[in-house]
Each structure stands twice: as C-alpha cells, then as structure tokens.
Amino acid sequence: MKIILATSNKHKVLELKEILKDFEIYAFDEVLMPFEIEENGKTFKENALIKARAVFNALDEKQKKDFIALSDDSGICVDVLEGNPGIYSARFSGKGDDKSNRDKLVNEMIKKGFKQSKAYYVAAIAMVGLMGEFSTHGTMHGKVIDTEKGENGFGYDSLFIPKGFDKTLAQLSVDEKNNISHRFKALELAKIILKILNKG
C-alpha cells in the first residue's frame, strides 16, 4: 500500500515522511500535477477530509487501487484569543507566511494585555481510500510567549513552549518534537488504521 500526502508544504512532508517511515510515502506533487484545494470546513477534521478526498479523487482508477490519500490539518488555539487562530492558523495574517502569522499572533496577544497565554496545538489526520474514510486526532498543550526562540521547526513553533518543558518547540531537536507533538500523536493512531487496511 502506498500513501500520497495531500499537502505541498515541504516542512509537513518532511515531518510526515519521518513519522511514517515504515510506509511507502509520496508527496502530492510526486504523483499528481499540483492543484488548489479550497479548505472551507469548519473544523480541523473537515478540512483534513476535504484535502484527502480531493487528492484521492484526482487519482486515476489504477492509482486508486494502490494509494491511500493522507492529509493533515493542524493549527494552534490560544486561550486569550478565544481559541484563535484555530483552523485559520496557516493564513492568520492574510499573507500565508509563517513569520507574518507569528507576528500577528503576538500583536493580538499584546493588544489584549498579555505577554503569554495557555494554548494548544491540534492535528487532525484524514485517510481516504477505496476502503473508506478514516480520521484521527492529536493535541499538545502548553503556552505561547511573545518572543521567538529557536531555529528549528516551522509555523508557530518558535513561540510555543510545550507543557513540562522550558524550551520552545523550535529549540527542541526533531526527535524530541516528534515524540510529543500533536501530529505525532494523531499519526501514531493513524498508523494503527493503516496497518489494518494494509492487511485487509
């Protein structure tokens, strides 16, 4: 069984390939011509399913027998911002780049009079294939701070300190991050489903 990732985000592709290294993984653009997918769901799960369905439906009939489309939709929910940016995390600033998104998050938090806040990451993984549709979830709790720290990671990692740590995700090694991340937790559950489907 082969897995096609329904993302063109290079950071996500690397992270997903690392965590799912027991499987034969292909990035979206290794199999299909890239195309835009409108994420108009109201939850992380809905958006993950929209992406996985779109990619699976773009495969030809032979490919559909060989591939499962796997998608991740994830984001950060900040308490003092009433759960925002949430499903809009990737495009929070309107510009769609990580630095602008981080700057906006910090500015919104400071406007409300806070230098830090409880926050949590959410990841929803969706899998779509001939055998049906499946989804898993993972969360990681901690806090966001108003100063970026660390060079690793992407997204909001340089602002997020996981519970039980005194470093941001961007200060942790790839292995340290992958062992505690929301995406890792969701993918560990997804692996169980994928192994069952592979036997089926």
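Placed from the backbone N, Cα and C atoms, the Cβ positions cover glycine too.
Per Swiss-Prot, these features apply:
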BINDING   Thr7, Ser8, Asn9, Lys10, His11, Lys12, Ser74, Phe154, Gly155, Tyr156, Asp157, Lys177, His182, Arg183  substrate binding site
BINDING   Glu38, Asp73  Mg(2+) binding site
ACT_SITE  Asp73  active site, proton acceptor
- [ ] Give the sequence-ordered list of residues that share a chain with Thr7 (substrate binding site), lie 6 or more positions from it, and have CB atoms under 8 Å from its CB.
- [x] Val13, Leu16, Ala27, Phe28, Lys51, Ser71, Asp72
Task: Which of Asn9, Ser74, the listed binding-site residues, has fewest other Cβ atoms within 10 Å - done: Asn9
- [ ] With substrate as the bound species and Thr7, Ser8, Asn9, Lys10, His11, Lys12, Ser74, Phe154, Gly155, Tyr156, Asp157, Lys177, His182, Arg183 as its recorded binding residues, calculate the greatest Cα-Cα distance and give it in Å as a whole number.
- [x] 21
Open item on the list: I need the most crowded of these binding-site residues: His11, His182. Count other C-beta atoms within 10 angstroms of each C-beta and give me the top one.
Closed with: His182
Task: Closest of His11, Ser74, Asp157 to Glu38 (Mg(2+) binding site), Cα positions, binding-site residues only - done: Ser74
- [ ] Would you find the one among the binding-site residues Glu38, Asp73, Asp157 whose Cβ has the most company, meaning other Cβ atoms within 10 Å?
- [x] Asp73
